[in-house]
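Colleague: A single structure is presented below for examination.
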Amino acid sequence: MKGVYFVSGIDTDIGKTVATGVLAKQLLQQGKSVITQKPVQTGCQNIADDIAVHRKIMGKPMQEADKQGLTMPEIFSYPASPHLAARLDGRALDLDKIRTATQQLAAQYEIVLVEGAGGLMVPLTENLLTIDYIRQQGYPVILVTSGRLGSINHTLLSFAALKQYGIRLHSLVFNHIHDSRDAHIAQDSLNYLKCRLKADFSEAEWMELAKTDAV
């Protein structure tokens, strides 16, 4: 594993932040040089909350790259999708600033995990979806799903979008923290999605996030 990877989810609040932090921690334990980035954070000021969670999970203090703003290049105060948060803050989202920050991190670290906002179809601007940006940059995707009711549908829609856009799926992360309270639904979702991943993206990895990984 080397390079820049985009961490997305099948929905908002699906566990991307914890998954990103846990994956970064595992890579650190393997001796890898890794950093996480939250290119667009909404609902915050000055510091990206998700980056703080990443560092806590990784067992690391805020890094020099964090202090330089490279890991959180765009922060908006209103908790909404980036296109709306930018409009309400009265300024445009600077895609060049984000691209440059990611490139600088990639030059310093072996692996950069870029956590997106929401799912693949979340608008970054009025004219650009998150999935458009991922395709433009050529990033492989790490997709976070769960065992809660509706996850099969949302995951298959995400699979279809990735195929349509010609984007490589690196791995599917099944988040047990957000499992359905119904054990039958949770287990069936896991079994079904594991089979579909093998059928639809045979080279992609299957990963699981345990309940004990909850922050």
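FYI, residue positions are counted from 1 along the chain as it appears here.
The backbone N, Cα and C atoms fix where each Cβ goes, and this holds for glycine too.
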Colleague: Which residue of ASP49, ASP50, ASP89, ASP94 does Swiss-Prot report at the same Mg(2+) site as THR17, GLU115?
Modeller: ASP50
Colleague: Find the longest CA to CA distance in the recorded ATP-binding set ASP13, ILE14, GLY15, LYS16, THR17, VAL18, ASP50, GLU115, GLY116, ALA117, GLY118, ASN175, HIS176; express it in Å as a whole number.
Modeller: 20
Colleague: If one measures from the C-alpha of ASP13 (ATP binding site) to the C-alpha of GLU115 (Mg(2+) binding site), what distance in angstrom results, rounded to a whole number?
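Modeller: Approximately 12 Å lies between the Cα of ASP13 (ATP binding site) and that of GLU115 (Mg(2+) binding site).
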Colleague: Same-chain residues six or more away whose CB lies under 8 A from the CB of THR42 (substrate binding site)?
Modeller: ILE75, PHE76, SER77, TYR78, PRO79, ALA80, SER81, PRO82, ALA85, ALA117
Colleague: Enumerate same-chain residues with a sequence separation of six or more from GLY116 (ATP binding site) and a Cβ-Cβ distance below 8 A; give 'none' if the list is empty.
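Modeller: For GLY116 (ATP binding site), the qualifying residues are PHE6, VAL7, SER8, GLY9, LYS16, PRO39, VAL40, VAL122, THR130, ILE134.
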